[in-house]
């Protein structure tokens, strides 16, 4: 393929981002990668098909990119990702402007499909389902140079009643430890300091290939890689957290004292309808244990409101939990009715207006909690990774803050500070979600 201009639009989660980065690497040698789709002759849209709003965004983006065939330079429109895997037949009929359609297990066919279409105009439509394949290899990072996501497993075995991911991504399958370590070593050589481990469920890592959960061992091995400063864990199911994992987080200085626990709900009756393999008591006990064992740990969660049949009593129970437990970070999502899931067939679907009201109530409550938590940080000194400049101030994150979903720490410019540096900042003021501080050194004590 001649050096044709290619642009990739990546939608959805961090796991999708990794797939996009893998595709970019495959294309890089034979194509010129451009950021602006209006300049590209080949446009790739990596879609998300998880919830209704994500599907709408994906379809709107595909249609917008398709319009560039008439208004700009686009000759080939490639669509891939979870939406194509989930709605392969429907999409082909709905959007005839697509020239190539690939499922989540077909990225190895990307380059050849583009070549074939450019040569002959022959369209390609692949959507292989796989319970064994794992997309891995070299990537071109789309994150800042100092941070990178590393996927440690693919798929999911949980089959929650509201979620279509197992039907899209297949069963849970861990990557080999040596492959992950090789990837981390390569990333560290490129200057990456923060490694963010992701999967549909990171806490189950190793169960399928090693016969036991070995996330704690993986953390220990990654921490030995030269250049790695922070290791961050996302998507940790509370019921799968082991004592070994707690000990490793507690004692390993490179592992951020931060855990993302996607609990979704707290009422036992709702958890049961969701198909979650846990209980209110288990969730509360693990939160207490984490706080007792790991000093300064930050806990984040995501909640779903408006699940089918959610009563005022069940919602009040959720509000009471949020108020009493006071998690450091919290996101709320309205339940989305997904085709092919058993929850979509449940009776007593909740009105959208009620979902929105409940979402707002939780977020107002959490905003107050977050404001109080942040006030307690005034006077404290944190290591901060510098991310950029906004309105004449630097901003960055400490160990309590995951990229894009949590707050930031702002501080005045310092001529000795560069983006990507890890420096010390003393907190002087607090907001609901963000902190303000000064660079901490001998003179600012």
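The backbone N, Cα and C atoms fix where each Cβ goes, and this holds for glycine too.
DSSP assigns residue 48 ([4Fe-4S] cluster 1 binding site) to coil, not to a helix or a strand. The [4Fe-4S] cluster 1 binding site feature in Swiss-Prot is assigned to 13, 48, 82.
When Cβ atoms from all protein chains are considered, those within 10 Å of residue 160 ([4Fe-4S] cluster 2 binding site) total 19, not counting its own. Residues annotated as [4Fe-4S] cluster 2 binding site in Swiss-Prot: 156, 160, 163.
Across the residues of the domain 'MTTase N-terminal' (4-119), the predicted structure has a mean pLDDT of 89. What Swiss-Prot records for 4-119 is domain 'MTTase N-terminal', and it gives sequence analysis as the kind of evidence.
Marked as domain 'Radical SAM core' by Swiss-Prot on the basis of sequence analysis: 142-372.
Residue counts for the domain 'TRAM' (375-441) by DSSP state, with H, G and I taken as helix and E and B as strand, are 1 helix, 33 strand, 33 coil. The annotation domain 'TRAM' is assigned in Swiss-Prot to 375-441 on the grounds of sequence analysis.
The Cβ centroid of 156, 160, 163 marks the [4Fe-4S] cluster 2 site; residues of that chain outside this set whose Cβ lies within 8 Å of it are 158, 159, 162, 164, 165, 166, 200, 275, given in sequence order.
Residue 13 ([4Fe-4S] cluster 1 binding site) and residue 160 ([4Fe-4S] cluster 2 binding site) have their C-alpha atoms 18 Å apart, to the nearest angstrom.
In three-state terms derived from DSSP, residue 160 ([4Fe-4S] cluster 2 binding site) belongs to neither a helical nor a strand segment and is classed as coil.
Cα distances from residue 48 ([4Fe-4S] cluster 1 binding site) to the binding-site residues 156, 160, 163 are smallest for 163.
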